[in-house]
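As written in Swiss-Prot, here are the features:
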- 26-262: domain 'ABC transporter 1' (DOMAIN)
- 58, 59, 60, 61, 62, 63, 64, 65: ATP binding site (BINDING)
- 272-511: domain 'ABC transporter 2' (DOMAIN)
């Protein structure tokens, strides 16, 4: 289809029931949401028709999840409004959304243990019998009635802990229907279930659609969009791009809408003379997580890893660093086979690993900058005859902080008090102190401001000039394209392609990432 036809307005779906006095069951009008230093949503609008499946598409960080959390009452918009059945509503908490008829099934399912299926569905709404006691027989009867309506084959008295991910999703759907919801939001519902389970889920979604429920379906998988969605909307960089009928577009049209921007000039890539292969990975696998992952990284080379949420990129990084070791395949460093079963072994082999979640698995928040920086080297360069060379360590830590331009009153400042960008610089400084041969960076600029991003990109380039082999995982395609010599693309635990810098572009990467 032509680019001109991509922007055509969506016509009314003739299959939608017409016995209502409103056209849209849910509307979001001119919503803006800001977080410190970030505009997550910029004047966004969205309309959901009753009796349709409406998919939301966009790169990671496009604003989809933020918008859904506003609709579900988790966040409140700074500007704009939400309308339900044509009337403005104020959703100050998730319970407000539930009572208004909006239910959300999160990617991380929120069912409670140790409780039964029925107890989870009717929590805080349990039917009461004589003397105000919970009527368990009635609760079971209501649950079974729900399951019969939805064609769900589960025991209402089963413990949640005994259920598969797919079965737990069915419980979440039944719970949503029990609120008589008019709107059901589903966030990546097929990310952890089998093809057979997906088929069953789609049957239930079609049944809910036939009952007039408006379903908002967040997905990265284009085949699902064409199979289950009536229409879809695309978001990019916190902005609404457009809404279209699924039957009117091609896969290439959608990719073009999702990635329609040029790489920013803040990602300059300097040419570096590449050396020998430092890291060689062959058929690396971990059962149920990733399989047969192979790639090489040369001295001075930056190899970017691209892929959608759940593609397995971070799992590969954790395996390389011994956080969650692989159970198959081989790793070579400078031509020698190595076994890495722990982070300490990885550090001894010259590896460094910047994790994707600096607050949870990176920073030691109650400790000082000095203590955070020195934490990786206490058993490395600065230990001599059982004693830590404290003066030498402190001196180099200060030099690194100055080099990275960490904004802080002093080395004794608690890292929790720093901005996200400065925390990230400290974590990079921690690994620079180990003088690594291999640097693995997982989302190195996530959640930091533009200025700090540029400084970190410059630092990565400097390390490449010094011969460090860099593996960089990023969900930002401009960052991947702007910084990488080669791009490894993953999808559902496997490598779907490796692109040289000259041939890589956003459309090719998204095509490989969505296979």
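Heads up, the Cβ atoms here are built off N, Cα and C, so glycines get one too.
Known features from Swiss-Prot, placed on the structure.
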residue : record           : CB count, 10 Å
58      : ATP binding site : 24
59      : ATP binding site : 22
62      : ATP binding site : 22
63      : ATP binding site : 23
64      : ATP binding site : 24
65      : ATP binding site : 21
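Under DSSP, residue 64 (ATP binding site) is assigned to a helix (H, G or I) in the three-state scheme.
Secondary structure at residue 59 (ATP binding site), as computed by DSSP, is coil.
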